[in-house]
Ligand code: UDX
C-alpha cells in the first residue's frame, strides 16, 4: 500500500516508520522544513528507544521518505493518515482541532481521482471525522474518498513495541472499500493476531478517550488507596497485586506514584469532560480524577517537605527524574514541574538530573540547577527525591549516595527501593503507600 502520513511528530513518525517496516511505502509529510531536513539526514527529533534504527533501516530500503510537499505525496496514496497534534486549547480545555482541519483542507486540494482513504490517527473528539469529511467534500466536491477513525494507543518509551504488538486495533469506518484498505494496511499484524475491532466512526473516536480516561482513573484510584495505606499501615504494592490478579481488574496501571502526567492523559481527560459538558452528560468520575491528580502533584512536594522536618527553606534537595515517565524526554504535564515549583516556592534549592529531558526541562523550571550526573546532583543535598523511575535510579550506588548526602533522607515517589533494605542501610526512607 502507498501510505502518506501528515505530521511527523510523535504519533506520525512512529506510525509511519512502523507501517514502512510492515512493507508499505510511506511518505511522511511535515510543514516544518527544518524537521524534515533533519529527518532526511537521519536525525530523530524525539527520544524513543529503537526509533532511529527503524527509521534508518526503512529509509535505506526505500520504503520511507520525508517531504514538506504534501500535494504529490497525497496524489499517489491509497491512504492518507492525519497524525498532527491536538493540544488542549488555551483557556477552555477543548481539544484544538485547527491542525486537523487545516490538514483536511490541504489533503482535499491535493486529492486525485482515485479512491483515497483519509484516516484520523490523531486523538480527536467525537464528530471530528464528520467535520473532516464535510471539509473535504466542500473543498473538492469531485474527490472519491472515505474518512476513517483509527486511534493510536501507543505509549511513549514503548511506542514501537506497542505499535507492532497491539492488544487491539480500533477502526471506525462506514465505507466497505475503506474497510478493505484498512484490513490490507494492518494485514502484516495478523502474525501476532491482534483483533481488528471494526466499529462506527463516532464509536472509535470515543473509544480512544474512554480508554485513556479509564487508565487515568485506575492510576488515580490506586494513588488514593496508597494514601490510605500510609495511614493504616498497609502496603499499596501488595494491595495492587492482590486486586490485580483478579482478571476483572487486571494487574497493569496500578503503580502508585506522584500522579499521572504526559501528553495524553491530562489533555484527553479534559477534552472528554468538555465533550460531556457540551452534550449534557456530565462525567463526574473523570472530573474528580482530574482534580485529585492535580492536587496530588502538590501533595508530593509536601511529602518531601515533611520528610525534611516541615521546612525546606535554604535546604538543598536533589531531584532525580524530571520526564513524566522513564524512556522519554517528554516534559508535558510532568509531576516534576509542580513539585519543583512548590519546593522552590518554599525556599528550597533544587538540584536536578534526568538522563534525557534536561534540555526540555531547563526553560520550564528556571529555579532549578541542572547536573549532568546523578551523583553530582546528590552531593551535599539535605535529601534525595526520586520522581521518575529511570532504570539508572533503580541501581544507584547507595553507599556512595549516603556519603554524598548531608542527611541520609530518600523520598522515593516511584517505590523503586525496598523500605527494609534502605532502613537497614541507615536511610530515613519515605515512599508511596508503604508503611
Ligand atoms: C498513554 C496511554 O498509555 C496510551 O495508550 C495513549 O495512547 C497515550 O497515553 P503515555 O502517556 O505515553 O501513554 O504513558 P503511560 O505509560 O501510559 O503513562 C502515563 C502516566 O501515568 C505517566 O506519568 C506514568 O508515570 C503514570 N502511571 C502509569 C502511573 O503513575 N502508574 C501506573 O501504574 C501507570
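Positions of Cβ are set from backbone N, Cα and C atoms, glycine also.
Remember, TrEMBL labels are computer predictions, not curated facts.
Summary of the site annotation: TrEMBL records substrate binding at 153, 154, 155, 156, 253, 254, 255, 256, 257, 261, 325. Screening the candidates 105, 208, 231, 303 against this entry identifies 208 as the one listed for that site. The candidate list 218, 267, 274 contains one residue that TrEMBL assigns to the NAD(+) site with 30, 35, 86, 123, 156, 332, namely 267. In terms of Cα spacing, the binding-site residues 35, 123, 254, 332 that come within 10 Å of residue 264 (active site, nucleophile) are 123, 332.
Of all the binding-site residues given, namely 155, 208, 256, those whose Cα is no farther than the 10 Å limit from the Cα of residue 123 (NAD(+) binding site) are 208.
Filtering 86, 208, 261, 267, 332 by Cβ distance to ligand 1 (under 6 A) retains the following binding-site residues: 261.
Across the domain 'UDP-glucose/GDP-mannose dehydrogenase C-terminal' (318-419), the prediction's mean pLDDT works out to 97.
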